[in-house]
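Novice: Attaching a single structure in C-alpha cells format; questions to follow.
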Amino acid sequence: MGSNDDASLQKEAVQTNAESWKLDNELHELEFDSPAKQGATAYDIRDMNALGIAPAFKRKFKFVAMVGFSSTVVVAWQNTLTNFGFGLFDGGTGGIFWTFIFALIASLFLYLTLCELSSSFPTAGGQYQWVAECAPSSARNLLAYITGWLLVLGWHTTVAGCGVIVGNLTKYCILLYHPDSTAIGSQWFPTLLAIVALLAGGIFNLYLTRKFPVLEGMMLLIHWAAWIAIVVTLWVTSPRGKASEVLFTFTDGGMWGSAAGASLVGVLTAWSVFVGYDCSVHMTENAKDASRTIPYSLFTAYGTNAILAFVMAITLIFCVGDVDQVTAETSLTPFVVIFLNSTKSRAGTVFMVLPVIITFWSALVSQLATASRQLWAFARDGGVPWAHLLAPVRICDAQAYLSLPKS
C-alpha cells in the first residue's frame with residue numbers, strides 16, 4: 001500500500017514539475033519577464049534603481065535595431081513625398097528648399113538636447129519624466145502631467161494619421177487604373193483601408209512583438225533600397241529644372257500676401273521630416289545599455305534620415321516638371337503625379353508607390369508600440385484614468401514566474 005502511495009506521489013510530483021517548467025518556458029517568451037532574464041546590463045540596472053523604477057521589459061533592442069526603429073517610425077523621405085503638395089502650393093520650389101535648411105538646423109539643436117536628456121534619464125516615459133526631474137519643484141507635478149497628456153494624445157493621433165496615409169496611398173494606386181470609380185474616389189474607401197491597416201498593426205503588436213527586431217531590419221533595407229530606386233528613377237527619367245529658377249521661385253497659393261508668409265505656412269513639408277525621432281526614447285526600457293544606445297541611435301537616425309529627406313526634396317523640386325499641371329490634378333496627390341509623368345506607366349508608378357505604402361504601415365506598427373509604451377509608462381505613474389488597469393500589464397505573470405518551484 002505504501003509503495004503505491006509513494007508511486008502516486010512521485011507521479012504527481014513529476015506532473016507538477018512538468019507543468020511548472022511548461023509555464024516557465026511560456027513566461028520566458030513573454031515580453032515581461034523576471035529581471036534576471038531581461039538582458040539588462042549593469043548600467044541599465046543602475047539607472048533604473050537611481051530613478052526608482054522596477055524593470056518590466058525584456059531588453060531586446062540594440063543600436064542597429066533602434067536606428068531601424070527610429071527610421072521606420074519617422075519615415076522621413078516618405079513624409080517628404082506625401083507632404084510635398086503643401087510646400088508646393090504655399091512657398092513653391094524655392095520655399096521648400098530654404099525652409100528645409102531652416103528646419104534641419106533648428107531641429108539639430110532640439111535633438112542634441114533630447115540625446116542628453118535620454119542619456120541622463122533613460123525611461124520609457126520620456127519627456128514628462130524629464131520635466132518631473134528638471135522643472136522647478138513648485139511646478140513640476142503640473143508641468144509633467146500636462147506634458148504626459150500631450151505625449152499620449154500626440155502619439156495616438158500620429159498612429160491614426162499614419163493609417164490614413166496608408167489608406168489614401170492605396171486609394172491612389174487603385175485610382176490609376178479606375179479613375180472614374182466613385183466608390184474608390186470617395187472618403188469612406190480610404191477610411192476603411194485605414195481601419196484595416198490599424199487593426200493589422202494592432203494584431204502585430206499583440207501577438208508578434210518578438211518579431212519586432214526582424215521587422216525593423218527588413219524595413220530598414222526597404223527604406224534604403226526604395227529611396228535609391230526612386231531618386232535614381234526621377235533624375236534619369238524626369239525633365240530637370242534650372243537651379244536659378246527652382247531655388248528662387250516662390251508661390252503664394254494660399255494668398256497670404258507674401259512669399260515669406262506662404263513659405264512659413266508651407267514649412268509643414270520640411271518640418272514633418274524632423275518630427276518623431278523621440279520615438280526611440282519611449283522604447284528605452286526595451287533597449288540594452290539604454291543610456292548609451294538611445295542617444296546614439298536617436299542622433300544617428302536623425303542625421304541619416306535628414307540627409308535622405310533633403311536629397312528627396314531636392315530631387316522632387318528639380319524633377320517636378322510643370323508645377324501647374326501637377327497641382328491641378330485633384331484626384332491624385334502631387335508626388336504620384338510626378339511619378340506618373342516620370343515613368344509614363346501606371347504599373348511603374350504603382351511599383352514606386354508600393355514600398356512607400358509598406359514602410360508607412362511598418363511605421364504604423366512601430367508608432368503603435370511607441371504609443372502603447374508611453375501610455376503604459378504614464379499609467380505606471382498614475383497619470384491616466386484607470387491606471388491600475390493599464391499599469392500592471394503581465395507583471396502578475398512575472399511575479400508568478402518568480403514564485404514557481406524549480407527542481
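Each residue, glycine too, has its Cβ placed from N, Cα and C.
OK, TrEMBL features for this one:
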type     : residues : note
TRANSMEM : 63-89    : transmembrane segment
TRANSMEM : 95-114   : transmembrane segment
TRANSMEM : 142-167  : transmembrane segment
TRANSMEM : 187-208  : transmembrane segment
TRANSMEM : 220-236  : transmembrane segment
TRANSMEM : 256-277  : transmembrane segment
TRANSMEM : 298-318  : transmembrane segment
TRANSMEM : 350-370  : transmembrane segment
Novice: Report, as numbers and ranges, every residue of the chain located at least six residues beyond the transmembrane segment (142-167) whose Cβ falls under 8 Å of a Cβ in that stretch; write 'none' if there are none.
Specialist: 82, 125-129, 131-132, 135, 189-195, 197-198, 201, 276, 282, 357, 360-361, 363-364, 367-368, 370-371, 374-375, 378, 381, 383-384
Novice: Do the transmembrane segment (187-208) and the transmembrane segment (350-370) come together with 3 or more C-beta pairs under 8 Å, pairs six or more apart in sequence?
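Specialist: Yes, the stretches contact each other.
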Novice: Is the transmembrane segment (220-236) packed against any residues at least 6 beyond its ends, judged by a Cβ distance under 8 Å, and which are they?
Specialist: 67-68, 71-72, 75, 77, 308, 311-312, 315-316, 318-319, 338-339, 342-343, 352, 355-356, 358-359, 362
Novice: Is the number of Cβ-Cβ pairs under 8 Å between the transmembrane segment (95-114) and the transmembrane segment (298-318) three or more, considering only pairs separated by 6 or more positions?
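Specialist: Contact confirmed: at least 3 Cβ pairs fall under 8 Å.
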Novice: I'm a bit unsure how to read this: which one of 63-89, 298-318, 350-370 has the highest number of Cβ pairs shorter than 8 Å with the transmembrane segment (256-277)?
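Specialist: Per the Cβ count, the answer is 63-89.
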Novice: Mind checking which residues of the chain, 6+ beyond the ends of the transmembrane segment (350-370), have their Cβ under 8 Å from one of its Cβ atoms?
Specialist: 69, 72-75, 78, 81-82, 155, 158-159, 162-163, 165-166, 169-170, 172-173, 176, 197-198, 200-202, 204-205, 209, 212, 215-216, 219, 222-223, 225-226, 229-230, 233, 279, 282-283, 336, 339, 343
